[in-house]
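> Have a look at the structure that comes next, please.
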Amino acid sequence: MIKGNDTSPDHIRLINNIFKPFRDAKIAVACIQRNAGFLLVNHTFADTLGYDSHHLSGESFLLLCEKKLHKFTLTRLAALFDGQIDNYKLKRNLLKKDNKFFTASVSVSAIKDDANTTIAAIIIVSEVSDNIDQLLEVKKLSYAVENSGSAVMITDANGSIEYANARLTDITGYPLDELLGNTPAILRSGQTPAETYNNLWGCILANKSWRGALINRKKDGSCYWAYQSIAPIVDKSGTLISIVSVSDDISQIKEHEGQMEQLAFFDPLTTLGNRRKFRDELNRLIAIPEALSSALFLLDLDHFKQVNDTLGHDAGDQLLIAVANRLRFCSSEHYTAFRLGGDEFTLLVTQVRNPSTLEHLAAEVIELLAQPLQVGPHEITITVSLGITLIHTDGDEASDLLRNADLAMYEAKRIGRNTFSFFKPHMDFESKRALSLELDLRHAIEHEELSLVFQPLIDLRTGKVTGLEALTRWHHPIEGDIPSTEFIKRAEDTGLIIALGKWVLRKSAMLMTQLHLAGYPYLSLSINISHHQLERFSLITTLHDLLQEMPFLAEKLTLDISGSLPLHNTSQLIDAMKQIKGMGIGLALDDFGTGFVSLELLQKMPIDYLKVDLSFIQKLPNDHDSAVITSTAIMMAKKLGITSHAEGIVSQEQQQFLLSHHCFSGQGNFYSAPLTIDELLYTLDENTGLFTDKQVLYSDQKHLQ
């Protein structure tokens with residue numbers, strides 16, 4: 001019964017007439033006033049909130065809302081009653097009588113009289129799941145399958161069919177009105193083993209998905225094989241609310257190849273088509289002349305190994321399933337998703353109008369997969385690198401096209417990941433060159449065909465050489481000098497950095513021993529190491545063995561660690577640093593200002609030196625931003641008890657700037673280019689630690705070369 005002081009009899013009759021169809025409805029409906037007071041509620045509304053209908057009479061809708069949202073709720077109602085809006089919909093946590101919240105979709109619409117004045121508001125509440133995986137499961141089992149030729153059915157918790165798509169009616173011969181309200185038992189043929197149904201229901205009742213083959217019966221009595229994926233949908237409390245089934249008629253395949261062979265076309269983890277299915281579809285497209293407008297996308301998840309390493313392989317599998325669901329969700333009649341294996345997926349795209357269409361699609365896929373994924377208790381954000389190759393335009397063989405897409409995908413990774421790249425012919429040349437470079441580098445390491453030079457580290461106050469930084473050089477017998485940035489990056493990508501780093505450590509130590517015996521015992525040694533080396537226990541073993549052979553090295557050795565550290569295993573890296581410090585070896589953070597080291601991480605790292613990157617130093621003193629960054633880094637290092645060091649000094653003005661900001665250590669071509677051991681012995685005075693006049697002449701000559 002309506003209770004409202006401001007409600008006229010005519011309005012009461014109008015509201016009652018409008019509300020009448022909802023009184024016994026199975027959806028939760030209520031009618032409220034401007035002040036949110038209840039006018040009418042149906043039984044479903046009261047039951048959903050845990051109340052008796054009469055208990056809500058005279059109460060306010062605000063009773064069900066979080067206190068922090070009371071003002072917002074009244075503001076929205078005011079806008080509705082003032083005629084600014086006619087309806088609105090939002091997602092809210094509503095409070096039940098037992099003081100437990102549940103997530104609900106709340107739809108609010110205006111009830112208006114003949115004068116178009118809002119006299120009340122009608123509210124429809126429906127409980128929703130906030131589990132993204134479940135939502136995606138529903139979407140992909142309805143939308144995607146509608147377009148891929150599969151049949152979809154949704155039942156309530158009791159098995160009553162609530163939804164069936166057109167494909168299901170086509171396959172079974174049952175019209176929609178005969179399916180709705182019935183149960184899936186209408187399709188039972190009696191030929192599917194009872195054990196299969198036992199397993200199926202065991203999974204559903206355990207809130208797990210089931211996949212397998214069933215023999216179903218059509219309306220005309222004939223039987224067909226169906227490969228089905230059946231998934232339970234549960235609410236937040238774990239209560240089963242519906243069951244979703246997606247199936248494919250695999251009768252023809254069963255007749256020709258048998259059950260086991262057909263099932264081999266689907267990836268057992270994600271239920272996407274597998275590599276074999278992909279190959280068949282790709283070859284089919286290649287054989288069609290119209291496939292000139294088709295393309296192949298190859299997707300690789302960025303840093304997927306980190307998920308397996310940190311959260312475990314079960315979490316990794318869940319992530320792959322979630323990614324597959326999203327790819328299936330976005331699939332249409334013009335492109336189909338497959339899983340090749342591991343974290344590699346493909347899309348075959350047809351009816352491409354122009355390259356911009358592919359660019360748009362690639363951007364959509366990347367954006368879709370970049371949305372956070374719920375994997376167990378963890379929210380994971382994953383990015384993908386995507387390579388694109390055009391069928392026929394870039395090749396006519398499946399193996400060539402897959403290789404092209406792979407090259408384009410690695411180009412996407414090279415330029416920063418989370419992006420896409422089209423295949424270009426030069427990538428093939430670069431790939432072959434990279435492989436050749438890798439083989440030659442491996443040979444060079446094994447046969448000691450690399451060399452070392454040393455750049456002096458200078459006390460800026462006195463000009464004395466205090467130490468040396470070891471730098472690796474490679475003179476290729478055919479290509480000549482290979483830039484260190486190129487071959488070191490290749491070493492990191494292929495794992496050769498471990499062998500290369502071990503060679504540099506041992507060779508540098510031997511040459512430093514030679515210098516110490518020649519009268520330069522005061523010189524320290526800095527060696528660059530990558531985080532790949534820090535992650536391997538073999539580095540600790542190598543250092544331990546070196547110190548056993550050359551005990552003096554500990555107090556002279558500093559390891560320069562790149563500022564571009566990975567963010568996923570910082571605790572492991574810091575533990576390795578502490579072990580190194582425990583040996584008496586110094587640590588420096590290299591390239592500071594260009595990497596990803598946070599101030600919090602910097603505070604935890606047991607480093608002795610902070611090396612400001614040359615990209616800032618070389619713009620001093622005139623570039624304002626570089627001056628601010630450099631002076632701030634120096635001051636911060638001092639506050640943390642760390643010695644600051646400047647890289648890449650090339651002028652007197654830069655030296656003066658650094659001295660004026662109390663940075664007293666540096667290096668750069670202003671003092672000396674990198675030198676061989678023989679050149680150092682020739683130009684460095686062992687008594688003073690200063691360069692002789694010979695060095696000035698030699699340095700000038702090197703700059704002229």
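Cβ coordinates come from backbone N, Cα and C, glycine included.
Worth saying up front: this structure is predicted, and the values here are computed from it rather than measured.
So TrEMBL says this about it:
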- 137-183: domain 'PAS' (DOMAIN)
- 208-262: domain 'PAC' (DOMAIN)
- 292-425: domain 'GGDEF' (DOMAIN)
- 434-688: domain 'EAL' (DOMAIN)
> Can you break down the domain 'GGDEF' (292-425) into helix, strand and coil residue counts using DSSP?
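The composition, in the requested order, is 62 helix, 37 strand, 35 coil.
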> Quick one: mean pLDDT on the domain 'PAC' (208-262)?
82
> Taking helix as H, G and I and strand as E and B in DSSP, count the residues of the domain 'PAC' (208-262) in helix, strand and coil.
11 helix, 30 strand, 14 coil
